[in-house]
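What Swiss-Prot says about this protein:
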BINDING   Gly75, Pro76, Pro77, Ser78, Thr79, Gly80, Lys81, Thr82  ATP binding site
Amino acid sequence: MSIQTSDPNETSDLKSLSLIAAHSHITGLGLDENLQPRPTSEGMVGQLQARRAAGVILKMVQNGTIAGRAVLVAGPPSTGKTALAMGVSQSLGKDVPFTAIAGSEIFSLELSKTEALTQAFRKSIGIKIKEETELIEGEVVEIQIDRSITGGHKQGKLTIKTTDMETIYELGNKMIDGLTKEKVLAGDVISIDKASGKITKLGRSFARSRDYDAMGADTRFVQCPEGELQKRKTVVHTVSLHEIDVINSRTQGFLALFTGDTGEIRSEVRDQINTKVAEWKEEGKAEIVPGVLFIDEVHMLDIECFSFINRALEDEFAPIVMMATNRGVSKTRGTNYKSPHGLPLDLLDRSIIITTKSYNEQEIKTILSIRAQEEEVELSSDALDLLTKTGVETSLRYSSNLISVAQQIAMKRKNNTVEVEDVKRAYLLFLDSARSVKYVQENESQYIDDQGNVQISIAKSADPDAMDTTE
């Protein structure tokens, strides 16, 4: 057996792995300040009416006054329903919680359906908790650290000043280690949290800007603080209700947030937390931020889940629930009757419905051009036209998937630009759904049917030299 070894002198270019998702090109809804959609903006193309409706929902969420509303995004496949939800997510920012789940995610052996839905609802409610902390903020004048010969207890003094006053603080082991870790020197402007002992380096004083010293490119010069050394500052922490539930429900506390092993959380714990949060809200210590829960493929939920959502929407702590489905009149899971979009009529009655329409040829061309730019693929104009034609005749998803495949074929030809022949070869190598269905119908007898039957036919050879197997 031969073992291939690489030449040590040979250099290989290591490219960084950049994962590009289906909706990574979307950065917002593409609306102006009057909620009017631009034809192409922030990765969104077309669907003007649906985007404007989503913009109204976005304003409702940002105002934070209205919660417990259900929004259904309904439309044919490949019309941008998930993209619309991703646009809402990007526009909300990091302070407003956005939770995205698929309808099939809640069916788990570890959690009941109602528990999984409850956790998703609680993840979508944010709590802004205001906390007053005492800080020591000033410019370091001098640091004196006395270390014993035996390497035991360390002592030190920190001289710190503002423009109005100067003070000397005694340092213990923990503070000395913190200052050493942050590499604090004389002339640095620092902030010390009195409660936790956390040291934050704010920058270097302007008074030391002319000192002859080696400084990095990221060195920041700041003014020496004014007034008192000790200041009170209000800090705002944003957490979700689910995170508070987890911390208060298990023995390991916040460690369960990292392991993900939250398990079932008792309703008594949640009731106590709801009561405490309501108290904080009345006292002005906390502010409730209703977020968005997005349930994709909502028709996969069953009748018990829909009944739970009906009740949860009326709760005091309820987010805005966005749902997406591509079903028409279909059977509701867990029942024998059909209903529009596969949802019960009572939930449909509570929902406001946004419809998406199929993209036209020009919109498909624009979307494919954006996707190619996102995937860093250079397409020739003829190749883009052929991909657009393929997208119109088959589907947008199939045409979008051909971009990266055609790039690999072009790279094999040592060409950086994807040409028409690369797209044609990719089209012949990979079938779309319509051609796949046609192939299955033509060769149906060779496939195993739903009864487990398959027809295996062996054609007899007409070769005169073939071995005679007859007796």
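All positions are counted from 1 along the displayed chain.
Yeah, the Cβs are placed from backbone N, Cα and C, and that goes for glycine too.
Secondary structure at Thr82 (ATP binding site), taken from DSSP and collapsed to helix, strand or coil, is helix.
Annotation for Gly75 (ATP binding site): spatial neighbours Ala50, Lys81, Asn326, Thr355, Thr356, Lys357, criterion Cβ-Cβ under 8 Å with sequence separation of six or more. Under the DSSP three-state reduction, Pro76 (ATP binding site) is assigned to coil, being neither helix nor strand. Taking every protein chain shown into account, Pro76, Pro77, Gly80 are the binding-site residues, and of these the Cβ with the most other Cβ atoms within 10 Å belongs to Gly80. Using a 10 Å radius centred on the Cβ of Thr82 (ATP binding site) and all shown protein chains, the other Cβ atoms total 18. For Ser78 (ATP binding site), applying a Cβ distance below 8 Å and a minimum sequence separation of six or more within one chain yields Ser358, Tyr359, Ser395, Leu396, Arg397. In sequence order, Asn326, Thr356 are the residues of the same chain, not among Gly75, Pro76, Pro77, Ser78, Thr79, Gly80, Lys81, Thr82, whose CB sits within 8 A of the CB centroid for the ATP site. Cβ neighbours within 10 Å of Thr79 (ATP binding site), excluding its own Cβ and spanning all shown chains: 21.
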